[in-house]
Structure formats: structure tokens, C-alpha cells
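Structure record follows, encoded as C-alpha cells.
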Amino acid sequence: MCYCTQFSPKSALLFILTSPCRCNVDPKSRNNCGPPGVTAEQCENAGCCFSSEVPGVPWCFTPLAKKYKKVCPAEVKLRRNCGYPGIPANVCEARGCCFESKPPAVPWCFFPLLVEEGKLCVWSKVNFLRA
């Protein structure tokens, strides 16, 4: 799992890896996601998967559900405060947050990011509220 970042003053832009397996659906279990004759481009533009390799089953079909992981951002610019000054690591982590006691003058207890597991780099803009 990896992610790339670029920064602007009020937001962080993340390249998030999306799952390579979302379209790996057993052909017999596919749920139709488009009308007969739909093109691959139309299907994919609708957020669906397209595979014409197996006859007699939907070629345009619903992808599997997305899976997410909590990731503690290494980049301090992505930290959004989840605690208070001097919060102990165990209290921070009990809140479901990340703890890193360095560098100084940044939140040590901070919210994790939800990152989609998987494959392709996709732009996702994450705006942060003031903590």
C-alpha cells in the first residue's frame, strides 16, 4: 500500500491506490450494471466493470465493494488533531487515533486516513477541518 501527496494551504491531494480485485467477480455471480449493447467506455464511465471474455453472462457488471484501511500519515501536514497537549499514547490509541511524539509543535495524537486498498492511483481531495 502506498500513497503520494501534494500540498496546498487548506487541503492535501492524495494519490490513493484502488483495489485491483474489485472487478474480479465470478462470471456466474455478476450483477448486471448496464443495458444490452453497452460499450466498455459507457460501462466504466458509470462506475461499473466490463469484461466480454465470458459469453452468456453480463459483460457490464457491478464491482465488488471497496475495502479501506486506516493509515497513520507519516507526513505531518496530513495530521488532524485527535487529542490534547500531553495526551498519553495509550489514551490517544484508545480513541482509534495515531500517536507519534515527534516532531515538536505538531499534533502528536492525530486521526488516521482511510485509504482504499489496492491498485490504480486516483486523485482524491481531502479537505481538513480546523481541529
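Backbone N, Cα and C define each Cβ position, glycine as well.
Note that the structure is a prediction, hence the values are computed from the model and not measured.
The disulfide bond annotation in TrEMBL covers Cys23-Cys49 (among others). Under the DSSP three-state reduction, Cys49 (disulfide bond) is assigned to strand. Cys49 (disulfide bond): 20 other CB atoms within 10 A of its CB, across all protein chains.
For Cys33-Cys48 (among others), the entry in TrEMBL reads disulfide bond. With a cut-off of 8 Å between CB atoms and residues at least 6 apart in sequence, the same chain places Cys33, Gly34, Cys60, Phe61, Thr62, Pro63 near Cys48 (disulfide bond), listed in sequence order.
Per TrEMBL, the feature disulfide bond maps to Cys43-Cys60 (among others). According to DSSP, Cys60 (disulfide bond) is assigned to a strand segment. If you draw a 10 Å sphere around the CB of Cys60 (disulfide bond), it holds 23 other CB atoms from the protein chains shown.
According to TrEMBL, the feature disulfide bond maps to Cys72-Cys98 (among others). Cβ neighbour count for Cys98 (disulfide bond): 22 (other Cβ atoms within 10 Å of its Cβ, all protein chains included).
Taken from TrEMBL, the feature disulfide bond applies to Cys82-Cys97 (among others). Look at Cys97 (disulfide bond): DSSP puts it in coil. Around the Cβ of Cys97 (disulfide bond), the number of neighbouring Cβ atoms within 10 Å comes to 23.
According to TrEMBL, the feature disulfide bond maps to Cys92-Cys109 (among others). Look at Cys109 (disulfide bond): DSSP puts it in a strand. Using a 10 Å Cβ-Cβ cutoff, Cys109 (disulfide bond) registers 23 neighbours.
What TrEMBL records for 21-64 (among others) is domain 'P-type'.
Marked as domain 'P-type' by TrEMBL: 70-113 (among others).
Taken from TrEMBL, the feature signal peptide covers 1-23.
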Checking the disulfide-bonded residues Cys23, Cys43, Cys49, Cys82, Cys92, which are within 10 Å of Cys98 (disulfide bond) at the Cα level? Cys82, Cys92
Cβ atoms other than its own within 10 Å of the Cβ of Cys92 (disulfide bond), all chains, total 21
If you average the pLDDT over the domain 'P-type' (70-113), what number do you get? 93
